[in-house]
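Q: Annotated substrate binding site per Swiss-Prot: Arg21, Ser137, Lys156, Thr365, in sequence order, evidence recorded as similarity to another entry. Positions annotated as pyridoxal 5'-phosphate binding site by Swiss-Prot: Ser189, His217, Thr245, Thr277, Thr278. Taken from Swiss-Prot, the feature N6-(pyridoxal phosphate)lysine applies to Lys248. According to Swiss-Prot, the active site annotation covers Lys248.
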Amino acid sequence: MDYSAALDQAIGKLHEEGRYRTFIDIERRKGAYPQAVWTRPDGTETRITVWCGNDYLGMGQHPVVLAAMHEALDATGAGSGGTRNISGTTVYHKRLEAELSDLHGKEAALVFSSAYIANDATLSTLRKLFPGLIIYSDELNHASMIEGIKRFDGAKRIFRHNDVAHLRELLAADDPEAPKLIAFESIYSMDGDFGPIKAICDLADEFNALTYLDEVHAVGMYGPRGGGVAERDGLSHRIDIFNGTLGKAFGVFGGYIAASARMVDAIRSYAPGFIFTTSLPPAVAAGAAASIAFLKTAEGQLLRDQQQLNARILKMRLRGLGMPIMDHGSHIVPVHVGNPVHCKALSDMLLADFGIYVQPINFPTVPRGTERLRFTPSPVHDPKQIDHLVKAMDSLWSQCKLNRSTSAA
């Protein structure tokens, strides 16, 4: 076999379909977010505004977070020095897990190197804990959940997105004595729509199923203390296992689960993705704990309120220009383009001509024909930056002769 030719063919196919991913070289500057510096391919630097970042609230540069990280770095050095089982558990890791369990009203929490690993490791391990377990998964669950469920050596059922009636049919068709788990999300990041948490919890109660809720795009963002959509809706006590990230609203790095002490102890003891990997650096754990604690306060609520206001303003202004907004009421602002080449071209022109960075979202992240630009306004985007973005989108939409409409489903 000609291995080089096979690789060239695989990459060439992505180029032909307009979905080859390019990395934009940007450098965030302390105290200036959402502004950053883009280093062009020729080495020149251009000041830009980031409109697609996951640092939803700007906590990655908050003084409280940076101070905690500096203190831990000066006290302990760079790395943790080992796995959690072998010299890699510190007071900073324990403090972080205490903040997380408190955030979700659970007995315990467990920190992983990322939310992807937390999902993959936890979901793939559950068969060891519950022989005969059947997992019911929303068809639009994140790739990390899908991978974990694929590696789960047990029965799997996929229900149509947010379709509670279909989920009921699947649950009712299986052995009532079989252990069951329903895996779903509170906010689906590509469309920005909410999962029907209460309705799924009602079904879980009826069919004696565990609930597994991914709140990656909601923790820090919703609820009076940033505990996510389940906290906002008063449903945290009905969720058996939470998954979340430390790298979005909390602005740092890492992932976690929160659950009962028994559940966390079992995952800690059986999940290879937790056991056989170096733990988070103490400075990262310290920064994440400080961020979580801050976002539980009234000051944290002010950031959430401003972020929601900015998201509403951006949606209103883009919709007023006929942009096909996909608005499900969350903080995420997707604009439907529907063509990978156009989507990439819009992204490139926004960056090169207007200093606006938003990454195109193409297949396989979203289905073919639903390609989009996905904006994530933060509380630190100011009115001038919003105005500049709206005018740029208006100009390029006309230049590219794209259709305008009042809404998009």
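Even glycines carry a Cβ here, placed using N, Cα and C.
As the structure is a computational prediction, the values presented were derived from the model and not from experiment.
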Q: I need the CA-to-CA distance for Thr277 (pyridoxal 5'-phosphate binding site) versus Lys248 (N6-(pyridoxal phosphate)lysine), whole Å please.
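A: With distance taken Cα to Cα, Lys248 (N6-(pyridoxal phosphate)lysine) is 22 Å from Thr277 (pyridoxal 5'-phosphate binding site).
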Q: Express the distance between the Cα positions of Ser137 (substrate binding site) and His217 (pyridoxal 5'-phosphate binding site) as a whole number of Å.
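A: So the Cα of His217 (pyridoxal 5'-phosphate binding site) lies 18 Å away from that of Ser137 (substrate binding site).
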Q: Do you see any of the binding-site residues Arg21, Lys156, His217, Thr365 whose C-alpha is within 10 Å of Lys248 (N6-(pyridoxal phosphate)lysine), and which ones?
A: His217
Q: Out of Arg21, Lys156, Thr365, the binding-site residues in the record, which is closest to His217 (pyridoxal 5'-phosphate binding site) when you go by Cα distance?
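A: Considering only the listed binding-site residues, the nearest one is Thr365.
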Q: Please name which of the binding-site residues listed here, Ser189, Thr245, Thr278, is nearest in space to Thr365 (substrate binding site), Cα against Cα.
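A: It is Ser189, whose Cα lies nearest.
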Q: Roughly how many Å lie between the Cα atoms of Thr245 (pyridoxal 5'-phosphate binding site) and Lys156 (substrate binding site), rounded to a whole value?
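A: Thr245 (pyridoxal 5'-phosphate binding site) and Lys156 (substrate binding site) have their Cα atoms 25 Å apart.
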Q: Cβ atoms within 10 Å, counted per site: which of Ser137, Ser189, Thr245, Thr277, Thr365 has the most, among these binding-site residues?
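A: Checking each of Ser137, Ser189, Thr245, Thr277, Thr365, the winner is Thr245.
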Q: Whole-number Å only: compute the distance from the Cα of Arg21 (substrate binding site) to the Cα of Thr278 (pyridoxal 5'-phosphate binding site).
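A: Here the two Cα atoms are 29 Å apart.
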Q: Which has the fewest other CB atoms in a 10 Å radius around its CB: Lys156, His217, Lys248, the listed recorded positions?
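A: Among the recorded positions Lys156, His217, Lys248, the lowest count of other Cβ atoms within 10 Å belongs to Lys156.
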